[in-house]
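Chemist: So TrEMBL lists the following for this protein:
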type: TRANSMEM; residues: 35-56; note: transmembrane segment
type: TRANSMEM; residues: 110-132; note: transmembrane segment
type: TRANSMEM; residues: 153-178; note: transmembrane segment
type: TRANSMEM; residues: 184-210; note: transmembrane segment
type: TRANSMEM; residues: 217-238; note: transmembrane segment
type: TRANSMEM; residues: 275-294; note: transmembrane segment
type: TRANSMEM; residues: 342-363; note: transmembrane segment
type: TRANSMEM; residues: 383-402; note: transmembrane segment
type: TRANSMEM; residues: 409-426; note: transmembrane segment
Amino acid sequence: MPRRATATRSAAGLTADRKNESFIQRIIENPKASFAFAVLVADAVLVSLIISYVPYTKIDWDAYMSQVSGFLGGETDYSKLEGDTGPLVYPAGFLYIYSAIQYVTGGQVYLAQIFFGLLYMVNLGLVLLIYLKTDALPWWALCLVSLSKRVHSIFVLRLFNDCFATTLFHAALVSFLYQRWHLGLIIFSGAVSVKMNVLLYAPPLLILLLKAMDISGVISAGVGAALVQILLGLPFLLSRPVAYISRAFNLGRVFIHFWSVNFKFVPEQVFVSRGFALFLLAAHLILLAIFAHYRWCRHEGGLFSLLNSKLVQMKLKISYLSSFPLRLFSSQNSNLRVLRSEHIVTTLFVGNFIGIVCARSLHYQFYSWYFYSLPYLLWRTPFSTWLRLILFVTVEFCWNVFPSNVYSSLLLLGAHLIILGGLWMAPPEYPYVGNTKNK
């Protein structure tokens, strides 16, 4: 028996060694994967140096800890949870995450920075995996996702909750790329529970869900996402539901003009006006509708054709199941379609970027909302490599001008519009795996 146990352990160890060798061999044989791994290692060293030698910037950390302390003290009324910078305006997931951080770090900034450094590396690993899955960039351009001074600062020097929302979204996107739509939508809902900006991805995500599944699948995935929000917010919904919903999901917040990075050139009285907000909202919805109809749904005959086909499909399914109820389970997966990775990423990244272009105010930490998609978006345009790099550097420069001014915000808006124009000029990719004869 001892010899048999020893032999079993040896065989298991040999299998593990072979798996490790296979993983290392795949990295060595794939130049792009090798370079991505090198980028990850180099950035890990850079993050360590930043934490060790660059002073921490006090902005929202103390406010986060004050809000968390109130929650841990038993307060579930959102209207009474406040910090140094004002009332709590984030959903419940934010409180749970930062409560865990406070428990682990004791509220010490340096330990929290180490934690956020690890979070940065996890996020970067997910981003590189997304880029490798889509194969949209040349190998050398992968380094662009680690070259932002502002994003490094957002993660390890300022400890913003945007970092968690961004990382969770990228985890959801990886799930989508592996066609795990229900799991991905649950993770996506978790990201929304940290910060509401993730909802900018919701319109293009709904289109992808409609393409990948039938109506019943979309509904079941949506119910799963809604349950996440209900469960996370339950203590606050049972206590003061109106206070929770109005604070955590306030769509009418007016940001301070001074902190605006993108519309600093707009006079303050116009910036805070309801008319300006409605104009940007209308521009946002119109651009989404145009891209959805003429780009994202082009191969289905347009947005209305896609919606109509899904309604017809649902009616046929209901009629079929009413006639043959015993065949319910055998027909559940008959309408699943596999979407190409490039189509998934392009649709989500462009949809989010449209929201960024039309956002009334972008604060410095909001750069993390779309920075990691910039190289991908630039390489989806028909521009030359030099113009892509110039636009990338221009956007990064504008985000590092502090405080922002009329010229930097005009330059940023101009760069955004040029990128958006390039995305419009790019031919839409075929959305489905297989059936390429119908492209």
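The backbone N, Cα and C atoms fix where each Cβ goes, and this holds for glycine too.
Annotations in TrEMBL come from automatic prediction, not curation.
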Chemist: For the transmembrane segment (409-426), give me same-chain residues lying six or more residues beyond its boundaries with a C-beta closer than 8 angstroms to one of its C-beta atoms, as numbers and ranges.
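Modeler: Same-chain residues near the transmembrane segment (409-426) but 6 or more away: 260-265, 287, 291, 295, 350, 353-354, 356-357, 377-378, 380-383, 391, 394-395, 397-399.
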Chemist: Mind checking which residues of the chain, 6+ beyond the ends of the transmembrane segment (35-56), have their Cβ under 8 Å from one of its Cβ atoms?
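Modeler: Distant Cβ neighbours of the transmembrane segment (35-56) are 27, 109-110, 113-114, 117, 120-121, 124-125, 128, 131-132, 139-140, 142-143, 145-146, 152, 155-157.
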Chemist: Run the contact check on the transmembrane segment (342-363) against the transmembrane segment (184-210): 3 or more C-beta pairs under 8 Å, excluding pairs closer than 6 in sequence.
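Modeler: These two segments touch.
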Chemist: Would you mind listing the long-range same-chain contacts of the transmembrane segment (217-238), meaning Cβ under 8 Å and 6+ residues beyond its ends?
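Modeler: For the transmembrane segment (217-238), the sequence-distant neighbours (Cβ-Cβ under 8 Å, at least 6 residues beyond its ends) are 76-78, 91-93, 96, 181-182, 185-186, 188-190, 192-193, 206, 209-210, 244-245, 248, 335-336.
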Chemist: Taking residues 6+ outside the transmembrane segment (153-178), which of them lie with a CB under 8 Å of any CB in it?
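Modeler: Those are 47, 50-51, 54-57, 59-61, 64, 90, 94, 97-98, 109, 112-113, 116-117, 119-120, 122-123, 126-127, 129-130, 133-134, 184-185, 187-188, 190-192, 194-195, 197-198, 201, 208, 341, 344-345, 348, 364-369, 372, in sequence order.
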